[in-house]
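Per TrEMBL, the features are:
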| type | residues | note |
| --- | --- | --- |
| REGION | 24-43 | region 'Disordered' |
| COMPBIAS | 26-43 | compositional bias 'Low complexity' |
| TRANSMEM | 60-84 | transmembrane segment |
| TRANSMEM | 96-116 | transmembrane segment |
| DOMAIN | 281-408 | domain 'AB hydrolase-1' |
Amino acid sequence: MAKLLSCVLGPRLYKIYRERDSERAPSSVPGTPTSVTNPPSSSWDTYYQPRALEKHADSILALASVFWSISYYSSPFAFFYLYRKGYLSLSKVVPFSHYAGTLLLLLAGVACLRGIGRWTNPQYRQFITILEATHRNRSAENKRQLAKYNFDFGSWPVDFHWEEPSSRKESRGGPSRWGVALLRPEPLHRGTADTFLNRVKKLPCQITSYLVAHTLGRRMLYPGSVYLLQKALMPVLLQGQARLVEECNGRRAKLQACDGNEIDTMFVDRRGRAEPQGQKLVICCEGNAGFYEVGCVSTPLEAGYSVLGWNHPGFAGSTGVPFPQNEANAMDVVVQFAIHRLGFQPQDIIIYAWSIGGFTATWAAMSYPDISAVILDASFDDLVPLALKVMPDSWRGLVTRTVRQHLNLNNAEQLCRYQGPVLLIRRTKDEIITTTVPEDIMSNRGNDLLLKLLQHRYPRVMAEEGLQAVRQWLEASSQLEEASIYSRWEVEEDWCLSVLHSYQAEHGPEFPWSVGKESWGRRRGWEEPRKGVNIQMRGPCLSTSSLQGRT
């Protein structure tokens, strides 16, 4: 009976991964049925095949879950309609509650039937035995056995806790249960006395901003957190995860952040190979509808690097909601996991981000200044201009206040606090982070990210004349136009670099630099960002690259 109850309450099993012949060995987990210890390879090369009873019961429960999600999102309109029609009176609510209770009992019965179907399946009984054994004893062998299965990640045991590093327990400046430190926006109205009366006046606006951010705003900003989208993408995500595990020997892990959210991660270790780049770890930060199963992890994998991918809070197996504080908390535990569990030094870690993932990447760069480099692909400087682009002009004040208070993705401000190498990749036909049309390359907010970083690092070079030259270079749409700008401004790149290297040798690498104070008066020049997309970057200068389109 205990096993039957475990099958009723157990997680959904999606796939049993392929095993190599060299890895096949009798299971050491007590209670595993001997008849299914080493099944034929054909049964391990496909998705888990449930029996008919389990399959049909799963379909009914999945359909009920979709209907519940639709009802949840449409509930405000439904309540308003029912109120207008007078259906919210006590005489009509009581019968409705009876219908709802009957439906819940029927769904509970369907769940019991599903459990019986699982109980009659030897593969599921083997899986549930291994899962229970792993929860009781998290030995390396039990975890290895459990890693052969892909199932609902909520039942996966926690592999790493944010308080696990001993340095965290001894340090008073580390993250608390409220979260890691973020840069806070400046008040919208400086100099205004923060009296009780002013707080009362601001209260309606603050309530409105909170409701907008936690309903429409968060889902527009992170559509990947919407359950219906995840449900539609489930087959693709399962395929991507199977590829990472079976072809790349990926290892899945659950990390618990300081806010209690559980973060779904995948690690591919290339340190045992002959290629030297395998000693470097690339932590990938996905976009607003990206998942590590099908996201940007493929780029460093193809280049031979060790890779650690993770999903935003509320995406796929990760719990929580993707607000900036939760995002930073998740990134913090991912970096800690890379350092203290996977054994990488900060100097061997590269942060690679796509689009909105630039927020967590720049936060990590700001908070862990010893990391090797930061790569930002199709990212932006600040969220406010992009939010104003898609909202009516009459909402400008509400949108600005909502973003600053609840969705403040201040990438440029965080990046300016990082002293190491940075690579920016700009998409010349990007329809997401442009404020006008994709063809208007100067409205791409990646330009603003570059200009703010250069102005911070080289304030004297990026004065009026230098700023004008860089803007013209960014506006160039072909190599011929770039060459024309070089000629017009009489750029001597070798001389510019020699001045920068001399300044670094004399004053050290810490930014900002006051280079240009003397030598620029004698000889005109400006430091163009050096182009390239090589993941190995050196020196204090910034690299950029323009690529066609956005994938």
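Backbone N, Cα and C define each Cβ position, glycine as well.
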Residue distribution over DSSP helix, strand and coil in the domain 'AB hydrolase-1' (281-408): 59 helix, 21 strand, 48 coil
Same-chain residue ranges lying at least 6 outside the transmembrane segment (60-84) that approach it to Cβ under 8 Å: 107, 110-111, 114, 227-228, 231
For the domain 'AB hydrolase-1' (281-408), the mean pLDDT of the predicted model: 97
